[in-house]
Amino acid sequence: MDPLVNLPDWAGMAPMLAFAVTALVLFLLDSIEPESDSLSLTVLTGVGLIGSLAAVVLSGWFLLEAGPVELFAGAYVVDEMSLFFTALIGSVTALVVLGSHDYIAETDYRAEYYSLVFLAATGMAMVASANSLAAAFVAVELVSLPSYALVAYLKHNRGSVEAGLKYFLVGALSSAIFVYGISLVYGATGALQFDMIATAIDGDALTGGPGILGLGILMVIGGVAFKTAAVPFHFWAPEAYEGAPAPISGFLSSASKAAGFVLAFRVFTVAFPLDAVSGTFDWTLAFLILSIVTMTLGNFAAATQEKVKRMLAYSSIGHAGYVLMALAAFSGTGAESLLADVSNDSLLLGAGMMHLLVYGFMNTGAFLFVALAEYWGVGRRFEDYNGLWREAPIASAAMTVFLFSLAGLPVGAGFLSKYVLFMGVIGAGLWWLVVIALVNSALSLYYYSRLVKALWIETPETPHEIDSYPAGIYAAVVAAAVVTVLLLPGFGVVAEEAIAAAGALL
Amino acid sequence: MIETQWYLLLSAGVFSIGLLGILVRENALIYLMSVELMLNAANINLVAFSLQHGNLTGQVFALFGMALAAAEVAIGLGIILVLYRNFETIDVTVPTTMRW
């Protein structure tokens, strides 16, 4: 098929550039109107919404119309997987921008807040496209540095500052470990670009024996584990998500986690292909252990929480464990899957991508509901949410959709993405891993329904005093709920795209 | 010419000193310095391996690493500053308003 217009290769970066340009436009607006309270918040939100939706539309257009593009001598690739994740990141960014509109209305430096969100989104889109460890490291830092500042954004709030500090401390440590791992991989293979690393490993051209490469891969896993909030680098997550402004918690736990996973998918399938490195370091075993520990710890810790935001933070760790199963069950062979006429590996990665997509909507939506509750000053504990449906029936209904979809009940697409993921893991012969995941899902239903019960059944000790209904957060919550439900009938179409994207990578 | 394994030994030593500093010291500024040590250990590796492999990839990446380390310190110092304003200390073990 002839393209409609002949675009230069660099046009493939357009979705990522949409984020970058938006960040710069916001900085420009801020410097034209430096008095922070005179700059209209509506203008900022509008620019942010246009920018993030432009990224979604552009990546969707490239996904359907254009082929894969390699840029910068192969260090940056725009392919189906990177475009899928850019669309995901753009959607989450749009929700976060809309949800932040009322949340940050009373604070200073609002233009900077939005710019930082867009700089982090730029980094996430770059992570999705990075095809070299150097590009990946720079992109990961571009995600992390604005995120630290955003978590500590409420600078007179001790919780926010503490959260920012802890996020920064763990993040700085893990990025040091990540870059040291990269240096060891470079030492063993003499290359930083993913396909060249694979060639060097495959051709047995390793310097310094397999030990250096193995240690390097292990340290790279450490860097990925931090971004995805997986054990053992999960310590920052409950603190950072609880203390951060709630829209930022949603942003980090959905988009930032997705960026970490796309990096993991690309690094481990392209740079360290299983058949070449299995003699040195069998990374599926590492991901198997990480997956089991992460989902179990996340879900059990979530079940014991008294605060809603912290429960969601731990549940976010648990969901990282589910997606890690996609890498744990990876086989590197072209074995057929149980569900469709594709290889089981592409089904697994596609299901992981779908779960991250659905998770992007339902989890961001859930955190935005918490943002709504924080805006009203409802309180942080489960009991404080008692009987909230009387004041906010629509938002409560949306929250119920999010929570049940997170648990894997078929009211939202969370059910289908989990189902396909589990079928992929069974197809790889790891049925006992699915049993562990099912036990965890059952446990998660307990703590999610605790909140649903509080919202709809319990009666509040003192009636909630709610006098204003913030339009921005409401619109974002409702939009997220609608998409979560619509992905249920629309799942097949999007999943085909995701599985094809995963297949193109393998 | 000094053989590459000596550079590797040096970088492993620097990395371990940094890690030890992170684990035992409570001052946030010392923590930042320790992270810098760990990042620079990676730079030593990159430059040494670059020489051994005879390509410039590693040296260029070491420059990237330094720039990013500087950016990280800038953000880190900002966070330590607001930490001091809120808690009147830069001891990283003091802020414990949230507990699991």
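Every residue, even glycine, has its Cβ placed from backbone N, Cα and C.
The annotation transmembrane segment is assigned in TrEMBL to A:12-29, A:41-63, A:83-101, A:113-130, A:136-155, A:167-192, A:212-237, A:311-332, A:352-373, A:394-413, A:419-448, A:469-488 (among others). Summarising the annotation, TrEMBL assigns domain 'NADH:quinone oxidoreductase/Mrp antiporter transmembrane' to A:130-444.
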Problem set entry | Ranked first among A:12-29, A:41-63, A:83-101, A:113-130, A:212-237 for CB pairs under 8 angstroms with the transmembrane segment (A:469-488) | A:83-101
For this session: May I ask for the residues of the chain that lie six or more residues beyond the transmembrane segment (A:167-192) and have a Cβ under 8 Å from a Cβ within it?
Result: 132-134, 137, 140-141, 144, 147-148, 151-152, 199-201, 205-208, 210, 212-213, 215-226, 233, 235-236, 239-240, 244, 271
Exercise. Is the transmembrane segment (A:12-29) packed against any residues at least 6 beyond its ends, judged by a Cβ distance under 8 Å, and which are they?
Worked result: 39, 43-44, 47-48, 50-52, 54-55, 58-59, 62, 66, 69, 71, 76, 78, 83, 86-87, 90, 93, 111-112, 114-116, 118-119, 121-122, 125-126, 129
Seminar exercise, completed: Near the transmembrane segment (A:83-101) in space but 6 or more residues beyond its ends, with Cβ under 8 Å, are 15-16, 18-19, 41-42, 45, 48-49, 52-56, 59-60, 62-63, 113-114, 117-118, 121, 124-125, 128-129, 245-248, 250-251, 254-255, 258-259, 262, 353, 356-357, 360-361, 364-365, 368, 371, 470-473, 475-477, 479-480, 483, 497-498, 501
Problem set entry | Remote residues contacting the transmembrane segment (A:113-130) - C-beta distance under 8 A, at least 6 residues beyond either end | 13, 15-16, 19-20, 22-24, 26-27, 30, 44-45, 47-48, 51-52, 55, 75-78, 81-82, 85-86, 89-90, 93, 96-97, 100, 104, 107, 136, 138-144, 146-147, 149-150, 153, 248, 251, 255-256, 258-260, 262-263, 266
